[in-house]
Structures are given as structure tokens and as C-alpha cells.
Amino acid sequence: MTTGSAAADPPAPARPRPKLTVLPLIALIFYDVSGGPFGIEDSVRAGGGALLPILGFLVLPILWSLPEALVTAELASAFPTNAGYVAWVSAAFGPAAAFLVGFTKWASGTLDNALYPVLFLDYLRSSSGAALPPPLRSLAVLALTAALTYLNYRGLHLVGLSALALTAFSLSPFVALTALSIPKIRPSRWLAMDAAAVNLRGYFNSMFWNLNYWDKASTLAGEVEEPRKTFPKAVFGAVGLVVGAYLVPLLAGTGALPSETAAEWTDGFFSEVGQRIGGPWLRVWIQAAAAMSNMGLFEAEMSSDSFQLLGMAEMGMIPAIFARRSKHGTPTFSILCSATGVVMLSFMSFQEIIEFLNFLYGVGMLAVFAAFVKLRAKNPDLARPYRVPVGTAGAAAMCVPPVVLITTVMCLASARTFAVSAAVVAAGIALYYGVEHAKRRAWVEFLAPVPPPPPDSRHGSTAESDDDDVEDVRAGLLADEPAVDEASARSRSAVQMVVFVGSSELQSNCS
């Protein structure tokens, strides 16, 4: 009968989740790093004029952004998984160091994300002139965080397309600003610098904050279409977009306004630049673009942070609940965890958040650069679809300038920042041993990896077959199955761990 016939029918295959392509990934990296020139105004005031920030945005992308982007392109193509930099550090230094890097960088990202709902409301207040009383402001921050978190829950592909649209809208008023400023530009104003007004701590913190987080998108590598080809293209496309989005408006604004206005350049001053160059209509346009840019920044950061937790859960570092996906393919509990952190930290001041997150981010990046160099020395034959065209010595030399910059920013930090960051690191160490204890006692479920297969069960030893192996693993990891039991979930996690132990396996293949 029809009942029996229906029962015999095989279940309909699950619809595959849409994956990120080059342009949405460029937009997400753009928002991970920049979001537009909003926030660079402080560098003019802290630099005592236009000269230092202009030099900074010309030189630091070469010394800092480009090396970080190159490291991200190489290692994200070699480890196309959602754990991103956690997987790189794990392959180089083991799970304890990787857990600590994951914790500090997640804390840094959550601190960063706590800025954006507050800044969104600040820009709306500056355009409307109406300030909310503290209780209503707190409710508005909570409601905005909830709404943006829900968009993240609905799917990364939707977030990527939204980021594309927000990128176009956020940069559009600066096209008009640049065109209108051309007749008013005096190049001599670009050389202005008042040495007595220079605040090195504020200057370096502002520059560092506006040029970091290139590695954040690596935690989305498992959600990217052909990540080994797509990721390098997107990273380098984003480098050009970010540098242009900073330099062009900065040159336009500082060249068109008198040098004496340097002290007025604080957060949100670009709307005033629009008022003076184009009139009220351009001011409102810039304020609206700034508000929408903060939405894009929140979405990109939330995606990176939540998928990082998913990747760590798939590595067996944190409980399996963080690896659970919604019907939209998004990590539900990881998103909720990140959103909770954002709400809890949103009471802090702008400058406090900037200094704290820069320090914590610097700690993580020192480990990432060290992992890059060690993997070059330890696993020279690891399949790297994109490889920075230098040897091991060149790779180490390339990392020297960003390490010097990180060290400079960290040394300029206040005693309070040192204390808070030390407490966060100590909490990360305690949490690692607590999680390991819970794992041994089986208090909560973990996706435990299994040992790698014996050498004779692998496919060949050439670089081409290694690429095929990792691509097969990736295809299995991203398979969208409608339902799985505990055994199959553990099996999938075990397969995924081939990627993380891939460095040692591939080395043995070549020997």
C-alpha cells in the first residue's frame, strides 16, 4: 500500500549549505580588519597632525598588515578548517598553547565586538541630537546585540552578502567627500606635525587597532568554497581595499581642512569633515554610513569568534555542545556564548577596550608568527596551496617587523592593562586544565580525536595526493547531514583531526 511504499522511499538528501565565495569573503575580511575610515580620526589627534597617520597608513600595512595577511593566506590554505589559527598553533606547539591562543584571541574579539552596538548608538545620537537615558541606552544595546546576533544565526552566507552591501554603502559617502575636497586640498597640510601634541601610546594603539585582525577570517575557512584557492585571493583583495579605504579619506580630509584642526580629530570627526566640505547632507550620509559600518563590523567579528569556538570543539578542545549547528549551518551555542560576552563587556569605555584588546591580540599574534616559522622549519613539505615565496630564513625575517610593532604596543600599555591581560591569560591556563579534567572525568561530552592511521593506509606520498587527501577530509567535514548519532559525530570529528595532525602525517609521507 502507499504506507509501505512511502516507508521504502529513501530520505531526501539534505540541501548543501551555501559557501562563501571570493567577494563576500573579501567583505568579511574588510569588516574583520577595518569597516571603513571610521575610527582613524584619533590617529590624527594623537599624531599631532596629518603627517604621522599618513606615514603610518603607508608604512604599517607593509610592515604589519602584509606579513599578517601572507601568514594567513599560507596557513589558511594549508589548514582549511574553522579552528583557523588555533589549528596552526596546535600543529606547531601542541594543544595547551593552542587553547591559550584560542582563549586570548576569542576574549580580544569579544572585547572588540562590545564596541560596535555602543558606537552604532553614538552615531545615531550625533545625527539626531537625542541622547538616551542610561536605562534605555542599556536596553537599546541589548536589543541591537540580539538583532545582530539573530542575523548571524540565520547563516554565514547571508552575513557575507550583507557585508558586501554594507561595504558599498559605508564607503559611498567618501567617494563624494573625496571629489568635493579636491579643489580645497593643500598638500602642505599633509606635512603638519606638532611634536608637543604627539601621544605615542594613543597613536600606536589607534594604528594597531585599525590594521589588525587579518587572521580572524581564517576561522571561516571551513565555510569557504574551495578555500585553498579562494582564501589567498580574498586576503590580498582585502589588503588593497582596507589601505585605500583609510588613505583616500584621510588625505582628503586632512588636505582640505586647516592644520590647526588636528586637535579636533576624535572619533566621529569625519561627519564634521563632511559638514565643512559638503554641507549637512554629507554629514548625515557619513553618520548613516558609520552606523551601518558598525553593524558590519559586529557581524564579521561575531562570525569569526563563533566559528572559532566551533572549530575548537571539533578539535576536542572544548565541549561538543559548541560544535552543534543550527538548521542554517551556524554554531548556535558558540554564537550565544559570544553574544553573552559582548553584552557583559559593553559597559567599558572605548579607550579601555581598545588597549585591552590590542594587548590580548598581540599575545595571540606572537604565537601565530612563531607557529608560522616553526611549521616552515618542522614541516617544509606540508602541502601549502599558497606559499609565501621565501624560504625559512625569509619567513622568519618577514615576521620581525610585526613582532617589533606588537612588542612596542604592549610595552606602551598601562599598568592596568598589564594586570587585566595577565589575569585573562591566567584564567585561560586555569580553564585549560579545568576542561582537561572535565574531559578525563567525562563530565561533559567532547568530540575526541583518534590516533592517525598507520603509514601503509595512506594514499601515496606526493604533494598532489596530499592535496587530494586534505580535500577529501574537507569534503567530509562540510557534508550537511540531517541527523547523526553520537558515534557518527565522533567519527566525523576524528576524520577532521587528520587536518590538524596533517603536518606530521605529511612529513612522514615524504620520508
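A Cβ is built for glycine as well, from the same backbone N, Cα and C atoms used for every other residue.
Summarising the annotation, TrEMBL assigns transmembrane segment to 20-40 (among others).
Residues 33, 40, 189-199, 203, 207-208, 211-212, 214, 239, 242-243, 246-247, 250-251, 254-255, 259, 262, 401-402, 405 of the same chain lie 6+ residues outside the transmembrane segment (47-65) yet bring a C-beta within less than 8 angstroms of a C-beta in it. Look at TrEMBL and you will find 47-65 (among others) tagged as transmembrane segment.
Taken from TrEMBL, the feature transmembrane segment covers 85-103 (among others).
Taken from TrEMBL, the feature transmembrane segment covers 159-180 (among others).
If you look up TrEMBL, you'll see 234-252 (among others) marked as transmembrane segment.
According to TrEMBL, the transmembrane segment annotation covers 356-375 (among others).
If you look at the transmembrane segment (387-409), the same-chain residues 6 or more away from its ends with a CB under 8 A from one of its CBs are 60, 63-64, 67-68, 70-71, 73-74, 204-205, 208, 358-359, 362, 365-366, 369, 372-373, 376-377, 380. Residues annotated as transmembrane segment in TrEMBL: 387-409 (among others).
Among the features that TrEMBL reports, transmembrane segment is placed at 415-435 (among others). If one looks beyond the transmembrane segment (415-435) by at least 6 residues along the same chain, the residues whose Cβ comes under 8 Å of a Cβ in the stretch are 96, 99-100, 103-104, 107, 317-319, 355-356, 359-360, 363.
The feature region 'Disordered' is assigned by TrEMBL to 451-477.
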Cβ-based contact of the transmembrane segment (85-103) with the transmembrane segment (356-375), 3 or more pairs under 8 Å: yes
